[in-house]
Amino acid sequence: MKIIIINGPNLNLLGIRETSIYGSQSFTDYFKKLTAEFPQAGLEYYQSNIEGEIINKLHETGFSYDGIVLNAGAYTHTSIAISDAIAGIKTPVYEVHLSNVYSREDYRHKSILAKNCKGVISGFGMDSYRLAVYQFLSTLK
Ligand code: DQA
């Protein structure tokens, strides 16, 4: 099995950035725990701050991987191009967010990506990723 987690802009700063919202753990630390918990998931991790690079990674993995867990950060609310990329690939995508985007500013209430995703998980901190991986593992077998 192959599942990739793709993180978008500013998520390289997890653990440092706005810790009252996103917590104080770095993603690399969390990812180590996740791979230890789910060795059977064949987990990989990719992060980019650049819209086109996220699209390239969706194309690269979206025809051969079993699942994609995508936190597109603020591009969630703005990127028609990432939404089109999700629509164009075969691998199912779960949209995830650490924060509950519906309890925040109005401009975070709309996801341009969600329509093309298989599901959305928002508001469980780092465990949003864990829930998405768990869901892939339960449904993909
Ligand atoms: C986020 C929510 C987005 O609105 C924000 O722009 C982020 C992080 C989250 O994980 O809660 O960068 O995707």
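Note: Cβ is positioned from N, Cα and C throughout, glycine not excepted.
In TrEMBL this protein carries:
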SITE      ARG17  site 'Transition state stabilizer'
ACT_SITE  TYR22  active site, proton acceptor
BINDING   ASN71, HIS77, ASP84, LEU98, SER99, ARG108  substrate binding site
ACT_SITE  HIS97  active site, proton donor
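TrEMBL feature annotations superimposed on the structure.
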{"residue": "ARG17", "record": "site 'Transition state stabilizer'", "DSSP class": "coil"}
{"residue": "TYR22", "record": "active site, proton acceptor", "DSSP class": "helix"}
{"residue": "ASN71", "record": "substrate binding site", "DSSP class": "strand"}
{"residue": "HIS77", "record": "substrate binding site", "DSSP class": "helix"}
{"residue": "ASP84", "record": "substrate binding site", "DSSP class": "helix"}
{"residue": "HIS97", "record": "active site, proton donor", "DSSP class": "strand"}
{"residue": "ARG108", "record": "substrate binding site", "DSSP class": "helix"}
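Other Cβ atoms within 10 Å of the Cβ of SER99 (substrate binding site) number 17 in total over all chains. Pairwise Cα distances among ASN71, HIS77, ASP84, LEU98, SER99, ARG108, which the record gives as the binders of substrate, peak at 24 Å. If you take the Cα of ASP84 (substrate binding site) and the Cα of TYR22 (active site, proton acceptor), they are about 28 angstrom apart, rounded to a whole number.
Spatially, by CA atoms, the recorded positions ARG17, TYR22, HIS97 include one closest to HIS77 (substrate binding site), and that is HIS97.
A gap of 15 Å separates the Cα atoms of ARG17 (site 'Transition state stabilizer') and HIS97 (active site, proton donor). When the recorded positions ARG17, TYR22, ASP84, LEU98, ARG108 are checked against ligand 1, LEU98, ARG108 have a Cβ within less than 6 Å of one of its atoms.
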